[in-house]
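Marked as transmembrane segment by TrEMBL: C:7-25, C:31-53, C:90-107, C:119-137, C:182-204, C:216-239, C:251-269, C:281-302, C:414-437, C:458-481, C:509-527, C:611-631 (among others). Feature annotation from TrEMBL assigns domain 'NADH-Ubiquinone oxidoreductase (complex I) chain 5 N-terminal' to C:70-120. Residues or ranges marked as domain 'NADH:quinone oxidoreductase/Mrp antiporter transmembrane' by TrEMBL: C:138-425.
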Amino acid sequence: MEQLLLLIFLPLVGAIITAFAGKSAKIVSTVFSVVSLVLALVIAGNFIPNASTQFEVNLPWIADLGINFHAGIDGISMLVVLLTNLLVPIIILSSYNHEYKNPAAFYALILFMQCGLLLVFTALDAFLFYIGWEAALIPIYFICAIWGGKDRIRINMKFFVYTIAGSLFMLMGIIYLYLQNPAHNFDIQAFYALNLDSAQQGWIFWAFFIAFAIKMPVFPFHTWQPDTYTAAPTQGTMLLSGIMLKMGIYGVIRWLLPIVPAGVHDWGQIAIILSIIGIVYASLIAFTQKDAKRLVAYSSIAHVGLISAGIFAFNQQGMQGAMVQMLSHGINVVGLFFVLDIIFSRVKTNKIEELGGIAKVAPQLALTFLIIVLGTVALPGTNGFIGEFLLLIGVYNYGIWAAAIAGLTIIFGAVYMLRMYQNVMLGETNSLTITFTDIKGTEKLVLYTICALIIVLGVYPKPILHLTEASVQHLLEQVNQKLNTVN
Amino acid sequence: MSTQVFYFVATLSIIFSLMVIFAKNPIHSVLYLILTFFTFTVHYVLLNAQFLAVVNFIVYMGAIMVLFLFVLMLLNLNKETEPSKSPLIKIVGVIAGGCLVVTLIGSLKSASITSPLILKNPGLGLVENLGKELFGPFLLPFELSSLLLLAAMVGAVLLSKRDEVEA
Amino acid sequence: MTIEQLIWLVPLLPFLGFVINGLGRNSLSKGLVGIIGSGVIFASFIISVVIFFSLQGDTQKSHEVFLFDWISAGALHIPLSFLVDPLSSIMLLIITGIGFLIHLYSTSYMHGDAGFGKFFSYLNLFVFFMLLLVLGSNYIVMFIGWEGVGLCSYLLIGFWYTNSAYASAAKKAFVMNRIGDLGFLLGVFLIFTTFGSVEFAKVFPQAANMLPGNDTLVLITILLFIGACGKSAQLPLFTWLPDAMAGPTPVSALIHAATMVTAGIYMIARSSVLFDLAPLTQHIIAVVGAATALIAAIIALTQTDIKKVLAYSTVSQLGYMFLGLGVGAYTGSFFHVLTHAFFKALLFLGAGSVIHAMHHEQDMRHMGGLRKKLPVTFLTMLIGTIAIAGLPPFSGFFSKDEILAHAFQASPILWGIGVLTAFLTAFYMFRMMFLTFSGKYRGTHHEESHLHESPTAMTFPLIILAVLAAIGGVINLPHVFGGNEWLAHWLSGAGVAQHELELSHSTEYSLMGVSVAAAVIALLYAYTRYVKGARVPVADEAPRSALAKLSYNKFYLDEIYDFLITKPLDALSKFFYRIIDNKFIDGIVNGLGWSTNEASKGIRLLQSGNVGFYIFMMVFGIIALLAYTFYYI
Amino acid sequence: MNIIITISITAFIVLYAGLFKANKALLPLTVVGLLTALGFTFCAWNGNAVHFGMMQTDNFALAFSGICIIGTLLIFLLTQNYFHAKSDNIAEYYTLILFALAGMIMMVSYKNMAMLFVGLEIMSVSLYILAGIRKKDFASNEASLKYFLMGAFSTGFLLFGITLIYGATGSFDLDKIQAYLVNSQTISPIFYPGVILMMIGLSFKVGAAPFHFWTPDVYEGAPSLITTFMSTVVKTAGFAAFLRLFAGALAPLHDFWVAPLMVIVCLTLFIGNVTALFQKNFKRMLAYSSISHAGYLLFSLIVLTKNSENNVLVYAAAYTFASIIAFAVLILVKQKTGSDSFESFNGLAKRNPLIALCLTVAMLSLAGIPLTAGFIGKYLMFLNVMTEYKTLLVAFAILNALVGFYYYFRVIVAMWFKDGAETELSAPAQYKVVLLVSVAITLILGIYPAIILNLI
Amino acid sequence: MENLFTQAAGVPLNHYIYLSAIIFSIGVIGVLTRRNAIVIFMSVELMLNAVNLLLTAFSVHNNDPSGQVFVFFIMALAAAEVAVGLAIIVMVYRNTKSVDINVLNRLKW
């Protein structure tokens with residue numbers, strides 16, 4: 001129990017200390033994030049991979065409103081917690097070649113956000129979940145809006161209002177559930193046990209789904225995303241795409257499926273259709289993007305679409321695939337954005353057409369970038385394959401046409417990713433890239449770590465699958481059981 | 001007899017009050033207002049609220065209206081200096097007011113308290129009665145209304161005084 | 001040492017080679033890289049030979065070797081395990097054997113290249129994935145290899161990545177392969193949902209009990225065939241293969257002739273149980289194969305790039321193999337895979353030798369008369385040409401005729417196409433030979449003085465391959481020639497059962513006669529045209545007859561694809577991005593903001609600053625509320 | 001009772017201190033007086049005493065009195081040098097503010113309409129004057145006159161309402177009115193318009209649409225400190241009065257007055273938020289935002305639960321402290337730059353990060369972001385309405401809250417993301433105290449609201 | 001003055017209500033149609049007086065003196081308001097040389 005509290009609040013402590021650390025904020029935040037990672041690994045080590053919730057904490061918080069500080073970790077949580085605590089140090093390290101003005105605030109906000117994210121991923125109380133949900137949003141808003149690029153103010157405002165719009169409707173849904181709950185509290189188990197009719201479940205489904213869909217984002221709620229990713233500072237983009245996006249996915253798994261199975265049963269079709277449209281649509285758009293960051297942003301929409309489709313397909317393969325893919329996508333997309341950041345920091349552009357020939361002058365960057373690209377296009381032997389493969393099987397079990405259309409992602413992904421790789425890295429150097437220097441120092445460390453993770457997870461994904469298997473299975477059984485009693 | 005008096009005075013009240021708002025010259029308005037208030041005093045007398053009648057006469061007609069007149073004179077507004085609003089606004093204003101009358105009366109109409117007003121206690125409006133009430137249950141607001149008057153006094157002085165500090 | 005103990009070494013060694021060469025690409029000397037790169041493959045070859053022979057002496061023909069659990073989710077369990085049986089063992093030999101020769105060849109061919117270490121590591125990696133492909137005991141492990149070789153193909157085609165045309169060719173290859181891969185993957189999913197497993201050992205026995213023509217099986221096999229189309233360059237997905245010639249020539253020999261492109265045939269042969277039960281699919285395969293063979297052959301007629309001719313020839317031969325598969329000649333096709341591996345690798349390496357000598361000039365219009373300068377190359381290539389032309393007794397004759405015989409049994413039309421293709425094949429191959437080696441040298445004088453025969457490291461593999469191409473036919477010598485069809489027997493141990501040939505010997509003889517006659521006529525025609533007539537193909541811009549134009553421009557297939565697929569998709573992409581995404585969806589989102597803003601602009605005007613107006617509004621409010629009261633009472 | 005007496009006496013003392021030119025002593029005297037009053041508030045806790053049948057100091061009254069007194073105290077701390085620049089009659093201003101406070105105490109604890117009326121008028125008359133204290137300033141004049149004219153006008157309606165209720169029930173006493181509603185078989189038809197007219201009168205005081213028109217103009221025109229007072233403490237008191245009548249005495253008629261109230265709430269939310277969106281002036285934006293908050297506050301009347309009153313308390317507290325921060329910073333910025341437009345906030349984060357941080361917290365609280373008091377307030381309001389599943393209303397409120405984010409974040413954007421003058425902006429110590437105390441309260445209420453949830 | 005009218009007419013209470021409502025509305029119309037701040041203020045006084053009259057009538061009807069006491073409070077208020085209001089008007093006049101409310105539209109939007 002102490003471990004979990006420590007896990008959640010260590011980043012917060014780190015954030016506060018970092019805020020006053022002045023020039024050494026970079027180091028302080030690195031230390032804290034690494035310690036958090038170690039702590040997460042220790043917890044993962046002590047974690048018994050079964051369906052039970054472990055390290056549970058249940059403290060009264062706002063008793064009059066039935067709100068408790070109730071948190072715990074099961075397999076699914078463990079995975080995202082690991083992802084968060086793994087990516088935050090990587091993201092912080094990736095900022096080492098930047099000199100942000102006012103670094104104390106920058107790093108403090110990152111750690112603050114980490115705390116919010118961990119709250120989201122461990123909360124077993126809907127109110128706590130909501131608090132974490134918003135608490136993660138504020139820092140990223142500031143990170144993006146203070147240190148972002150062109151037109152950042154308008155873009156981030158849109159992002160902020162858009163996402164919070166979704167979450168407010170979710171809050172409405174949460175309140176509804178709370179009122180329906182005879183015990184008048186926000187406990188997740190109590191929510192699971194509710195007996196709502198299918199009309200009620202339908203409403204709750206939409207209230208929650210829109211919040212999650214905006215966060216992920218699922219077509220057609222995605223238009224904030226490319227702009228935001230493009231305008232945000234790279235570390236912000238990494239946080240957004242690497243971790244924050246998983247909040248939506250996690251939310252669906254933890255808060256949508258088990259609470260309103262009948263709603264999912266009735267409306268999940270639409271969710272799948274939207275997800276699949278999103279896959280093809282975003283992939284197609286990625287074809288002709290001129291800005292590499294924007295291209296990756298659209299690719300992210302496509303990938304998330306597949307994850308979402310896999311979840312709503314609602315079977316073991318799809319679910320497990322979503323688990324692996326959450327991790328994989330987090331790692332890969334952070335890698336992609338980091339490479340683009342390295343390029344941008346050297347030549348001040350991410351325009352695909354202006355680049356080229358970098359492989360010739362920076363072979364190590366080219367190699368790591370290639371591995372990351374391959375991971376993204378789901379080549380067997382990389383982490384991306386495990387996830388996409390399982391997801392596609394999951395979708396396939398739902399419907400062969402769904403899988404055939406969703407499967408286009410493996411073709412389209414190759415098209416736009418390789419196009420980008422070719423135009424950026426291959427060909428002859430031009431006046432811009434001729435002076436390009438290869439990666440060094442922390443850049444190397446980060447990229448090699450990412451590449452190692454990509455390959456290791458691709459070759460031996462079993463630990464991850466094992467970690468979540470029992471929880472996923474439990475979830476499926478629970479939902480199916482509930483679904484049977486409703487019908 | 002008093003019934004007819006009431007209707008007569010009521011008509012006068014309405015006519016005078018209309019004159020108040022339609023008189024072009026503000027001075028005339030004030031004078032009509034005084035007349036209106038006089039008719040109100042008559043109403044109070046008809047209702048056997050003698051004390052109020054007196055107070056109304058003294059406070060309103062005496063003090064307040066004189067103050068109005070005084071200010072008008074002070075500001076030299078005794079001419080028809082007021083640029084009148086456009087006829088349209090006036091008409092709309094009258095219509096709006098008419099609607100208000102209609103709705104107000106409409107919503108009150110169903111009250112159907114048609115029973116004649118009967119003075120159950122003829123001494124009701126006498127000073128003695130009112131004094132008991134005022135210094136009994138209503139002592140607290142009465143005392144506290146001193147704050148109101150004091151605040152008004154301080155404020156009036158403050159506002160009309162010329163300040164040196166302000167540039 | 002049992003097979004189980006040895007087998008994992010076969011892929012591991014190339015992998016080690018990849019790792020060592022990859023990490024040491026900048027530090028190791030070229031000699032060492034070459035030795036490691038070739039040595040690991042040779043070691044693998046030796047082990048493969050050992051395995052092959054121990055399998056031959058073994059009563060148990062198939063061995064499954066479990067390594068570790070890879071993916072498991074719900075009912076889906078995918079172990080990383082190998083299957084050693086006659087089919088895979090013979091593939092091992094081809095891959096490691098020819099692979100070794102080509103590695104050896106490359107040590108010399110690529111010696112001058114700055115990316116020498118990288119090249120060898122890629123090549124090793126390719127061998128590793130190819131071995132994984134053939135060794136996998138289930139479709140998913142096969143798929144790892146399947147995609148892995150695609151990756152290596154991508155890397156090696158784009159080996160000289162500074163040339164953007166080459167890089168584009170690499171991308172094209174990868175993407176077209178991926179199109180097929182999606183089909184493959186969907187097929188695998190369907191297998192999983194139908195049979196509950198993706199293990200060969202579990203799928204095939206179940207499938208064998210199903211009725212022929214079962215819809216599911218038809219669908220599965222069609223999807224798998226789509227996969228094979230991509231990898232093995234069949235219509236409509238073959239256009240990547242000619243472009244793939246952008247890679248170094250040894251790559252073309254190894255990947256795009258001998259091994260990777262035959263993965264599709266291997267896969268269908270492996271799944272022959274399924275295909276046998278899906279006659280509809282078989283018809284489709286036969287038709288697609290025949291069409292591919294013919295079209296590619298027609299295109300090859302007018303090509304002037306020596307490697308392009310070989311590339312189209314490869315496509316055409318692959319078409320042959322699919323024709324064979326389609327008519328049930330699994331062994332025949334596989335036999336052709338073998339012989340084709342020999343002679344096409346030989347031809348490519350020979351072409352490489354020519355190109356090497358010509359300092360990377362590939363246009364045959366600038367060649368000619370090289371016979372004397374490159375005698376070994378000429379001789380070995382001639383053997384290869386004869387083999388591919390199907391002249392007895394060289395290997396190509398036997399494998400080709402086995403396919404043709406089966407085709408005739410299935411449909412005389414298919415056979416006719418086959419023979420026509422054989423005729424064209426013989427013609428363009430000899431055209432190539434004559435243009436390259438006979439007549440006068442057509443290049444500059446300066447170049448001529450530098451012409452020389454290639455070093456031993458390059459000629460040695462040529463000689464070995466030439467020998468194989470010449471005598472390789474013996475391994476499946478048909479009964480009509482007194483053979484015992486060893487290969488067919490051997491493969492039946494792996495469950496690959498060829499349809500019985502029910503033709504009389506006399507029919508077989510006459511069929512062979514026709515095809516041999518066709519080849520000879522083609523040879524003579526080519527001779528009169530290019531040796532006697534000393535014709536040289538016209539320049540690119542020169543006017544051509546309509547048919548020649550069609551052939552020369554590859555039936556405008558690239559242009560058609562560009563017009564039908566690439567351009568519309570790009571247009572769609574731009575439409576989605578600019579109109580739907582930016583204008584419509586984002587327009588709605590922004591429009592909400594905008595309209596709120598506009599509403600704000602308008603509504604704030606209510607606050608006119610005029611007390612009179614304020615009071616008006618208040619009075620309206622009051623009237624409304626009172627009216628409500630009026631109605632409420 | 002003691003509270004009013006203390007405040008009144010403080011007012012007199014301050015007035016006399018002014019006569020003797022003891023300007024330095026004014027603030028300490030006031031603070032002492034208010035702290036004493038606050039002490040009495042604590043002492044009277046749970047006493048539920050009734051004074052002369054006119055005033056009831058139940059916990060509701062005391063809690064709101066407490067907030068009003070604390071708010072006034074903080075505002076007094078902001079007066080440092082504020083009036084000195086404007087007039088030499090500082091004592092009078094102190095006195096007027098204290099009078100207004102006394103009026104508000106009456107408003108939050110009245111048990112008889114007469115008390116409500118007198119309290120309301122003491123407060124209003126004081127405010128009419130305070131709004132106009134910058135005598136040479138046109139805006140101030142205009143604000144004062146507008147406020148006065150419209151205030152007097154609305155008082156007429158309030159009185160008409162009181163009269164009608166009196167006519168129906170024969171009493172001004174809240175208990176008797178409630179008893180009348182509960183006991184009598186038929187309710188006199190003149191009672192209904194009475195209720196509506198009272199609602200109109202009180203809506204005017206709290207600035208609910210369509211009776212809100214005075215708010216932006218007066219808030220903008222009045223001196224910032226007075227605006228602070230009006231938009232925080234005064235508003236809170238207004239709501240307490242509203243609540244005392246409608247959630248108390250008139251609760252049995254809920255079915256009748258909830259429909260017009262709902263219309264008022266929706267109009268208020270919509271007009272407040274949407275109009276605020278386009279403002280260029282921070283102060284005026286705050287005025288519109290105060291209108292929109294009035295809309296949220298009225299939520300508690302739409303569904304009457306046992307928590308309605310407490311919800312208003314929480315919301316009002318959150319709103320009051322956040323607004324005080326906002327106005328305090330506004331005063332500082334205006335003193336420095338002479339402008340209260342959004343542009344004058346540009347780059348504030350660089351000029352003084354502490355102030356910028358405080359203002360950010362305030363804006364987040366006003367916008368209702370979790371971990372600030374504003375969120376808890378909004379949450380309670382939504383929860384309150386959701387208990388009867390008025391989801392459409394909540395959805396409408398959510399849409400309005402979204403609009404709210406835009407304009408609250410504009411100042412955040414200006415402070416943090418835009419470059420402005422590089423001059424340092426220093427804050428006097430008293431301002432710092434006020435800011436930090438308010439921020440602390442805002443955050444504490446946001447993170448651990450349990451301390452205030454069951455106050456009433 | 002005692003028992004001036006012992007039976008307080010026989011006027012129905014309704015008519016008092018109507019009369020007050022009408023006078024009140026006339027006051028409102030005055031506020032709506034006039035621009036002179038002082039006249040507007042006078043119209044407001046008219047409204048207050050209408051209320052006073054009604055209160056007295058109810059007081060008599062209910063036989064309860066508290067209504068008339070309330071009138072007393074209203075008068076006190078009126079006095080206070082007049083003092084403050086006229087002071088404000090004078091102050092405004094000093095600055096703008098006008099009591100026209102339409103001049104006061106500096107604060108808007």
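Cβ coordinates are placed from backbone N, Cα and C, and glycine is handled just like the others.
On the 0 to 100 pLDDT scale, the domain 'NADH-Ubiquinone oxidoreductase (complex I) chain 5 N-terminal' (C:70-120) averages 86 in the predicted structure.
Stretch with the most C-beta contacts under 8 angstroms to the transmembrane segment (C:251-269), considering only C:31-53, C:90-107, C:216-239, C:281-302, C:509-527: C:216-239. Remark: the transmembrane segment (C:31-53) contacts the transmembrane segment (C:119-137), by the rule of 3 or more CB pairs under 8 A. When each of C:7-25, C:90-107, C:216-239 is checked for Cβ pairs under 8 Å to the transmembrane segment (C:281-302), C:216-239 comes out on top. Residues of the same chain lying 6 or more positions beyond the ends of the transmembrane segment (C:90-107) and with a Cβ under 8 Å from any Cβ of it are 10, 34, 37-38, 41-42, 44-45, 48-49, 51-52, 119-120, 123, 127, 130-131, 134-135, 248, 250, 253-254, 258-259, 266, 337-338, 341-342, 345, 349, 352, 457-458, 460-462, 464-465, 487, 490-491. Distant neighbours of the transmembrane segment (C:7-25): 32-33, 36-37, 39-41, 43-44, 47-48, 51, 63, 65, 67, 82, 84, 92, 96, 115-118, 120-122, 124-125, 127-128, 131-132, 135; these residues of the same chain sit at least 6 beyond its ends, with a Cβ under 8 Å from one of its Cβ atoms. Non-local neighbours of the transmembrane segment (C:509-527) in the same chain are 389-392, 397, 400-401, 404-405, 408, 415, 418-420, 422-428, 430-431, 434, 480, 503; each lies 6+ residues outside the stretch with a CB under 8 Å from one of its CB atoms. In terms of DSSP secondary structure, the domain 'NADH-Ubiquinone oxidoreductase (complex I) chain 5 N-terminal' (C:70-120) contains 29 helix, 13 strand, 9 coil.
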